[in-house]
Amino acid sequence: MNEVVIPSVLQDVPVRTSEPRKQNLLDLDREGLERFFADTLGEARYRAHQVMKWIHHRYVTDFDHMTDLGKALRAKLHQHAEVLVPNVVFDKPSTDGTHKWLLAMGTDGKNAIETVYIPDKGRGTLCVSSQVGCGLNCSFCSTATQGFNRNLTTAEIIGQVWVAARHLGNVPHQQRRLTNVVMMGMGEPLMNFDNVVRAMSVMRDDLGYGLASKRVTLSTSGLVPMIDRLSTESDVSLAVSLHAANDALRETLVPLNKKYPIAELMESCARYLRGSKKRDSVTFEYTLMKGINDQPEHARQLARLMRQFDNAVQSKDAGKVNLIPFNPFPGTRYERSGETEIRAFQKILLDAQVLTIVRRTRGDDIDAACGQLKGQVMDRTRRQAEFRRTLEGQADRDAAA
């Protein structure tokens, strides 16, 4: 049975009670940092701006190295604050230039998440995680087999950007190696709404990483109420993990569809576009799996759905399709569609005047491609154990054959 952990049960990291907790400044966006400097430190707002630039532009975490701060202010910062970035367990480059980091979450060494940098001509995209594991159970995703532990804090989310940007030698507004961020790593971002939105604010802030709103993309499996809330609280690009254009098939791939079927999902996407003149399209991600969702009829269903969406928002190319060849992982029952089937599927969509691209597989030699991230999860569900038993049963059957 596919298990879905609903948002109400997802909890953030427990607060330590053994000693007064210092404020991790990575947990704060500009507004929060200004408030902390005024209320806790009794300092002017511009001091918060200075510190924010030290952290995100120069990658300095030691207050004593922030040379334009006075000695008294540095002492107050040492007393009340800290800058804790994720610990890098390992970093692994791919032959195609993709780079993956395994980052420890917390101090117990039991949980870790993966972050991936994907360079391309004229751009560099960072794929960022939002949870340790995932609260959903999409049947074709490696992360789902690991179960779920907890939401990431704002510091742990923006810390992934900090680690990658520092490694790349990224200098905001000058030498920009990191041009795009996609919330497409481990986890469902909208199940960790507040922390994700706060982190995306830092990504887009000139005192942070200075990315344009359209260059920060949040990908969701389709939490309809949270899409509506996102429309009022942020202005980033929206991507939807669709993977099927009919409810019966999508429910087997994305169990959340049982709660929020395709019609409701598409209506929420239309509301998202209507909510701001800055938004002109939604990207619909469609992972192609051999014999599952890659047949001509599936393409025609998707084309009809995209035309209906364009009509609903009265805009051509409001719905863009990103076809993703399935990336296998150990124990999966799915296979990647053949190149012939992928191109035939795309042609049907293009002939129907649906803007469609095929995502080039990157980083699969280091298990960094879409759907392959799994990290290290102390599972609070039964999913990891169930998947392990499935693998063992499969090995026994293979040995007996």
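Glycine residues also receive a Cβ, built from the backbone N, Cα and C atoms like all the rest.
Here's what Swiss-Prot has on this protein:
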ACT_SITE  GLU114  active site, proton acceptor
ACT_SITE  CYS370  active site, S-methylcysteine intermediate
BINDING   CYS134, CYS138, CYS141  [4Fe-4S] cluster binding site
BINDING   GLY187, GLU188, SER219, SER241, LEU242, HIS243, ASN327  S-adenosyl-L-methionine binding site
DISULFID  CYS127-CYS370  disulfide bond
DOMAIN    120-365  domain 'Radical SAM core'
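Using a 10 Å Cβ-Cβ cutoff, GLU188 (S-adenosyl-L-methionine binding site) registers 29 neighbours. CYS134 ([4Fe-4S] cluster binding site) counts 30 other C-beta atoms within 10 Å of its own C-beta, drawing on all protein chains shown.
Relative to ASN327 (S-adenosyl-L-methionine binding site), the recorded positions with Cα atoms inside 10 Å are CYS141, the candidates having been GLU114, CYS127, CYS134, CYS138, CYS141. Ranking the recorded positions CYS127, CYS138, CYS141 by Cα distance from LEU242 (S-adenosyl-L-methionine binding site) puts CYS138 first. With respect to SER219 (S-adenosyl-L-methionine binding site), the closest of these recorded positions in Cα terms is CYS127, chosen from GLU114, CYS127, CYS134, CYS138. Residues GLY187, GLU188, SER219, SER241, LEU242, HIS243, ASN327 are recorded as binding S-adenosyl-L-methionine; their most distant pair of Cα atoms lies 19 Å apart. When the recorded positions CYS127, CYS134, CYS138 are screened for a Cα within 10 A of the Cα of GLY187 (S-adenosyl-L-methionine binding site), the ones that qualify are CYS134.
Here the candidates are the recorded positions GLU114, CYS127, GLU188, SER241, HIS243, and by Cα distance the one nearest CYS134 ([4Fe-4S] cluster binding site) turns out to be GLU188.
DSSP assigns SER241 (S-adenosyl-L-methionine binding site) to a strand segment in the three-state reduction. Checking Cα-Cα distances from GLU114 (active site, proton acceptor) against the recorded positions (CYS127, CYS138, GLU188, SER241, HIS243) with a 10 Å cut-off leaves CYS127, in sequence order.
Note: the Cα of CYS138 ([4Fe-4S] cluster binding site) and the Cα of HIS243 (S-adenosyl-L-methionine binding site) are spaced 10 Å from each other. Rounded to the nearest whole angstrom, the C-alpha distance between SER241 (S-adenosyl-L-methionine binding site) and CYS141 ([4Fe-4S] cluster binding site) is 11.
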